[in-house]
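Engineer: Sharing the features that Swiss-Prot gives for it:
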type: DOMAIN; residues: 1-159; note: domain 'Obg'
type: DOMAIN; residues: 160-328; note: domain 'OBG-type G'
type: BINDING; residues: 166-173, 191-195, 213-216, 280-283, 309-311; note: GTP binding site
type: BINDING; residues: 173, 193; note: Mg(2+) binding site
């Protein structure tokens, strides 16, 4: 399945139904008063988060969404039927912006959460509302008001507790594949992974923790180099980062610093996100060189460095145990705070 994590759509709420001009014409009321009903309200356009969707791919092929118009008012003071709302399902983690101003409108993070993005137009008044002492038989009614319409920019930020980061070819995809049932594309060249991969890693408690393999970051990622903005966006919601460094690289310390600089330059507090620092591919190193690189990296980072080989599945139990301990220790609200919904009569949570 192709991964799409941002797109634009057009939404149009239904127009309100027109009010009606009608008069009472019962058998014993030959000259009855006005009895035209109001038009029905137009349907609204509502976004709803769903765990059944993992990508915005559906919106690649369908960009326009229109709700139903309200029906015209009827005789005998009958109000026209309201138009049916248009419900649009999006993946959990979708952030919604006004595409023209890039004003933040809302953030749908939980299954079933909704946001009304375009309100249906009000129905027009029937002629019964224009009865007065001076006009006992009004022959006019009001048309319904048009429904709102907007262009929306949708962005998907993955909801994963643990993000695996590192330079291209550090072994992130291999790690997530051996820890979970995820099967990302794996090859021995940089930038094999061009989309984030999600995997659920089981715990002894019976629970599962979602890991995200973030595609390789490079120098300049915070400025958008190498799709850096697209990749870093998915780190924002993680509670814990597993920073993978290739032990066979010429300068692991420099590789570590490169990623740290990009996290810091991107902002959003990513440089302060809790991390576990990991040297991967230890099966390809002799022990003396490995211990030297581990010591240098620990001295530079001020953190313990865990040794693993994702391919040979060495050191994974120790790493996972540390991941579980960190997650249990960290507060659940460490995940990025939900983006507030714009306080507007037009765009609001429902």
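Note: Cβ is positioned from N, Cα and C throughout, glycine not excepted.
Structural setting of the listed features?
Structural biologist: For the domain 'OBG-type G' (160-328), the model's pLDDT averages out at 81.
Cβ-based neighbour count (10 Å, all protein chains) for residue 166 (GTP binding site) stands at 25.
In the structure as shown, the Cβ atom of residue 173 (Mg(2+) binding site) sits within 10 Å of 24 other Cβ atoms.
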Engineer: Around the C-beta of residue 215 (GTP binding site), how many further C-beta atoms are within 10 angstroms, looking at every protein chain?
Structural biologist: 25
Engineer: Check the DSSP secondary structure of residue 173 (Mg(2+) binding site), expressed as helix, strand or coil.
Structural biologist: helix
Engineer: Count, for each of the binding-site residues 172, 281, the other C-beta atoms lying within 10 angstroms of its own C-beta, and report the residue with the smallest count.
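Structural biologist: Comparing Cβ neighbour counts within 10 Å for the binding-site residues 172, 281 gives 281.
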Engineer: Using the alpha carbons only, what distance in Å do you get between residue 173 (Mg(2+) binding site) and residue 215 (GTP binding site) once rounded?
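Structural biologist: Distance between the two Cα atoms comes out at 9 Å.
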